[in-house]
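Colleague: Quick one: structure below, then a few questions.
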Amino acid sequence: MVIANSNIIFVAGLGGIGLDTSREIVKSGPKNLVLLDRIDNPAAIAELSALNPKVTVTFYPYDVTVPLAETKKLLKTIFDKLKTVDLLINGAGILDDHQIERTIAVNFTGTVNTTTAIMDFWDKRNGGPGGVIANICSVTGFNSIYQVPVYSASKAAALSFTNSLARLASVTGVTAYSINPGITKTVLVHKFNSWLNVEPRVAELLLEHPTQTTVQCAQNFVKAIEANQNGAIWKLDLGRLDPIEWTKHWDSGI
């Protein structure tokens, strides 16, 4: 996918990996970058706008846990304004296994609902033009960090959902791939809670292992966007971008 002159919606593009990815996207010159985030960050929006004045950067407040109808209403506002959207990035995520319901609501249900909502505008069965979805999942969707089983399971669910979306592209006209960062130096991983406090030092122990910067992750994220491979499972770890070959142990046969 060519980022230049495209219209992109980025959910949770104002913090951590998201903000650095927004910076890299803006450098590539899209026509519009629409940021949907729970928390407003005027300084970051001003920075992004100044980084490339040719790009229109717009912000709308959005909590991915709102009812589906509210998400559809927000997307209608955006589509009415832009007319077309080329790429949706679902990036909302939390890491706190004390918050079981919210972890699932943000990391999985929010991705499902935002994706479901945009189908009203993209699905070729309704006369839509199709589109591209990039879902930020995690390497914990491959192999869990067992001390945070709720987080890991939510990311595995998001990965499975994304793989299914890719298989449905011939039906909907919407392609999809997953972005799976490894351990990245963000606020998210500096302090978080394990499930039932099974390992109080989980964040500290995790950071003893090699990590990557948010900039490294963001630069590889943009490479994945440009590659635009339906069904790709991208691992973004230790400053590298690698495709993952998914091992099939069972097939529904349909």
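Any Cβ shown, glycine's included, is placed from N, Cα and C.
Per Swiss-Prot, the features are:
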ACT_SITE  Tyr151  active site, proton acceptor
BINDING   10-33  NAD(+) binding site
BINDING   Ser138  substrate binding site
Colleague: Distance between Ile25 (NAD(+) binding site) and the residue listed as 'substrate binding site' at the Cα atoms, whole Å?
Modeller: 20
Colleague: Which of these binding-site residues has the least crowded Cβ, counting other Cβ atoms within 10 Å: Ser22, Ser28, Ser138?
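Modeller: Sparsest of the binding-site residues Ser22, Ser28, Ser138 by Cβ contacts within 10 Å: Ser28.
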Colleague: Among the recorded positions listed here (Phe10, Tyr151), identify the one with the smallest other-Cβ count within 10 Å.
Modeller: Phe10
Colleague: Please name the residue among the binding-site residues Gly13, Gly16 whose C-beta has the most neighbouring C-beta atoms within 10 angstroms.
Modeller: Gly13
Colleague: Among all protein chains shown, how many Cβ atoms are found within 10 Å of the Cβ of Lys31 (NAD(+) binding site), not counting that one?
Modeller: 16
Colleague: Taking the Cβ of Leu19 (NAD(+) binding site) as the reference point, list residues of the same chain whose Cβ is under 8 angstroms away and which are at least six residues distant in sequence.
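Modeller: Long-range Cβ contacts: Gly13, Asn41, Ala44, Thr214.
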Colleague: How many Å separate the Cα atoms of Ser22 (NAD(+) binding site) and the residue listed as 'active site, proton acceptor'?
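Modeller: Cα-Cα, rounded: 24 Å.
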Colleague: May I ask which of the recorded positions Phe10, Gly16, Ser28, Lys31, Tyr151 is closest to the residue listed as 'substrate binding site' if we compare their C-alpha atoms?
Modeller: Tyr151
Colleague: I'd like to confirm something. Which of the binding-site residues, Phe10, Gly16, Ser28, Lys31, has a Cα closest to the Cα of Tyr151 (active site, proton acceptor)?
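Modeller: Minimum Cα distance from Tyr151 (active site, proton acceptor) across Phe10, Gly16, Ser28, Lys31 lands on Gly16.
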Colleague: Reduced to three states, what secondary structure does DSSP give Phe10 (NAD(+) binding site)?
Modeller: strand
Colleague: Name the secondary structure element type, per DSSP in three states, that contains the residue listed as 'active site, proton acceptor'.
Modeller: helix
Colleague: In which DSSP state, out of helix, strand and coil, do we find Leu19 (NAD(+) binding site)?
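Modeller: It is helical.
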